[in-house]
Amino acid sequence: MRAGSVWPLPWQRAGARGWRRTMALRRLLLRYYPPGIILEYVQGGEPKTRSIDLLDLSPDTDVIALVEEIQKGEPLITTSCKDYVINLVRRLQEKLGEPEDHKFYLFKVLRAHILPLTNVAFNKSGSRFITGSYDRTCKVWDTASGEELRTLEGHRNVVYAIAFNNPYGDKIATGSFDKTCKLWSTETGKCYHTFRGHTAEIVCLSFNLQSTLVATGSMDTTAKLWDIEKGEEVVTLSGHSAEIIALSFNTTGDRIITGSFDHTVAVWEVVTGRMLHTLIGHRGEISSAQFNWDCSLIVTGSMDKTCMLWNAMTGAHIATLTGHSDEILDVCFDYAGQRIATASADGSGRVYNAETRKCIAKLEGHGGEISKICFNPKGNRILTASSDKTARLWDAATGHCLQILEGHSDEIFSCAFNYKGNIIITGSKDNTCRIWH
């Protein structure tokens with residue numbers, strides 16, 4: 001959601017006629033990525049929000065017909081505000097149709113840490129990013145200036161997994177080889193909580209979108225959910241027979257998946273910590289696992305050279321995406337959940353249509369394994385990080401390489417876009433982080 005995309009509603013100015021019902025719409029906000037509208041309303045005196053996802057919106061969508069369809073299922077969108085909503089959806093449509101030929105240039109090289117970096121991550125707006133390192137610290141940086149804002153110190157071993165509590169960005173979680181996870185204030189650098197309980201290294205972590213929980217995955221074969229406010233463990237997810245190296249919440253926050261070296265992915269109910277499904281089918285360690293935006297699909301990547309697609313509700317296997325000749329090191333959905341990208345040790349990437357499960361593009365050109373792959377928020381560009389010391393930018397529809405980001409002197413293992421898609425950060429084993437504008 002973009003700050004500033006908020007307007008007083010014209011029909012509110014016309015008086016409150018017709019709004020003296022149980023639910024009253026306060027305002028509408030545009031969400032550009034993935035496309036949607038956020039409704040802020042009051043029900044029984046309580047302020048609430050809900051969203052209408054417009055994941056299939058394209059430049060040739062009939063907007064009037066779409067809004068009429070939305071009206072049928074959404075009582076908050078009444079006839080009096082229909083024209084206004086049409087106008088909003090058209091703005092979204094224009095945004096999606098804007099041509100893109102952004103060239104990235106090196107803005108700054110940050111000699112970020114005295115020992116190698118482990119990870120890099122942006123906050124939602126892209127105004128800040130963080131770096132984790134073998135030097136046992138996490139650093140917070142200002143993206144616009146490249147200035148180091150603060151160093152988060154306190155871990156007694158490698159800081160391996162790091163994250164902002166996006167979309168808010170006011171908190172940072174760090175997971176360490178010292179078996180603890182720490183929660184920090186982005187603004188002051190104060191450590192709110194140290195979460196203790198794992199008996200081996202923490203290698204992955206994630207906040208839920210609601211920013212009430214942080215999940216940690218460990219080499220001790222368990223994942224734990226922690227309450228951010230209370231600073232307490234909520235539940236331990238036990239059931240895997242080997243290390244957990246990937247985890248991901250769905251957007252609604254009621255499910256979490258864990259990927260393990262035991263070749264399986266488990267789907268858990270967040271409230272109870274109950275295992276709902278075990279996704280069995282891979283013949284090698286899991287390298288990554290992710291939900292799509294509407295929580296209907298799960299994608300998994302494995303050392304068995306395949307990527308699998310699963311029904312998130314039933315746990316049923318839908319498809320196996322083949323074609324790579326070596327281990328799959330990373331997989332991801334685009335924001336709208338329409339495409340899947342895979343990165344492999346064979347030095348190539350692939351793009352699949354999530355609906356047809358067909359390979360629509362091959363990303364070929366790297367001279368070494370690709371360890372990280374991600375879409376820009378708009379979904380039309382893909383960024384890859386490779387051991388060949390370069391990052392590459394690709395056209396997601398055609399697989400054409402648009403740009404090679406050169407300059408690192410050792411392998412690149414981390415890369416990310418900001419929310420607007422106009423800034424990239426890359427993290428390398430050469431101990432530097434580069435900002436590209």
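For all residues, glycine too, the Cβ spot is worked out from N, Cα and C.
Here's what TrEMBL has on this protein:
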{"type": "REPEAT", "residues": "110-151", "note": "repeat 'WD'"}
{"type": "REPEAT", "residues": "152-194", "note": "repeat 'WD'"}
{"type": "REPEAT", "residues": "195-236", "note": "repeat 'WD'"}
{"type": "REPEAT", "residues": "237-278", "note": "repeat 'WD'"}
{"type": "REPEAT", "residues": "279-320", "note": "repeat 'WD'"}
{"type": "REPEAT", "residues": "321-362", "note": "repeat 'WD'"}
{"type": "REPEAT", "residues": "363-404", "note": "repeat 'WD'"}
{"type": "REPEAT", "residues": "405-437", "note": "repeat 'WD'"}
Completion exercise
On average, residues of the repeat 'WD' (321-362) score a pLDDT of 97
Exercise for the section: Tally the residues of the repeat 'WD' (152-194) by DSSP class, grouping H, G and I as helix, E and B as strand, and everything else as coil. Expected result: 0 helix, 22 strand, 21 coil
Handout entry: Same-chain residues near the repeat 'WD' (321-362), Cβ under 8 Å, at least 6 residues beyond its ends
Key = 33-35, 55-56, 284, 287-294, 296-297, 299-309, 368-375, 377-379, 382, 384, 386, 388, 394-399
Exercise for the section: Please indicate, using numbers and ranges, the residues of the same chain that are 6 or more beyond the repeat 'WD' (110-151) and have a C-beta under 8 Å from a C-beta there. Expected result: 3, 157-164, 166-169, 172, 174, 176, 184, 186, 189, 413-420, 423, 425-429, 431-435
Exercise for the section: Sort out the residues at least 6 away from either end of the repeat 'WD' (237-278), same chain, that have Cβ-Cβ distances under 8 Å to it, and list them. Expected result: 200, 203-210, 212-213, 215, 217-225, 284-291, 293-295, 298, 300, 302, 304, 310, 312, 314-315
